[in-house]
Amino acid sequence: MNPFRWSFRAQFLLGFLACAGLLAYAIYVQLHLGLEPCPLCIFQRIAFAALAVFFLLGALHGPRAAAGRKVYGVLSFIAAGVGMGIAARHVWVQIRPKDMMSSCGPPLSFLSETMGPFEVFRTVLTGTGDCGNIDWRFLGLSMPMWSMVWFVGLALWALYAGFKVRRSSVHH
């Protein structure tokens, strides 16, 4: 079974399942391995959740028209692009020299109680400290690096599924 030959619905369902699996693993790591997510990790989770929603909506709707598939492909690509940006920022924070580190600041729950949403977003994206800690690695890559890999892969998958020319079932 070649997933590149699957229907749009099946391809978008696979994208949804990938996002759901990644979110489930993040929750497992938090609850069972005791790794608390930093604010940038939480924003990456939100981006994966938004991407999952677009993949699921596309899979459930399964538009027949090419324009509809392209819309879902672009929306998913945008969600993945936002996630890529957040993950890239997180990777940058992690690879900075130690002497450039500063505190990440208060927890996200405190920030959301004391600031407006745009201030929270700006504060989190300029934070460093705890966000710079690398507590988990797999094959030499940190979790934000793996998030970046997944965001890139899912962005390309969304574009492929959304823009793939599909043969009509009607023969001329």
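Count begins at 1; order follows the chain as displayed.
The backbone N, Cα and C atoms fix where each Cβ goes, and this holds for glycine too.
As recorded in Swiss-Prot:
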type	residues	note
DISULFID	C38-C41	disulfide bond
DISULFID	C104-C131	disulfide bond
TOPO_DOM	1-11	topological domain 'Cytoplasmic'
TOPO_DOM	29-46	topological domain 'Periplasmic'
TOPO_DOM	64-70	topological domain 'Cytoplasmic'
TOPO_DOM	89-145	topological domain 'Periplasmic'
TOPO_DOM	165-172	topological domain 'Cytoplasmic'
TRANSMEM	12-28	transmembrane segment
TRANSMEM	47-63	transmembrane segment
TRANSMEM	71-88	transmembrane segment
TRANSMEM	146-164	transmembrane segment
For the topological domain 'Periplasmic' (29-46), how many residues does DSSP put in helix, in strand and in coil?
12 helix, 0 strand, 6 coil
Distance between C131 (disulfide bond) and C38 (disulfide bond) at the Cα atoms, whole Å?
6
Given the model, what does the mean pLDDT over the topological domain 'Periplasmic' (29-46) come out as?
88
Just name the winner among C38, C41, C131 (the disulfide-bonded residues) by count of other CB atoms within 10 A of its CB.
C38
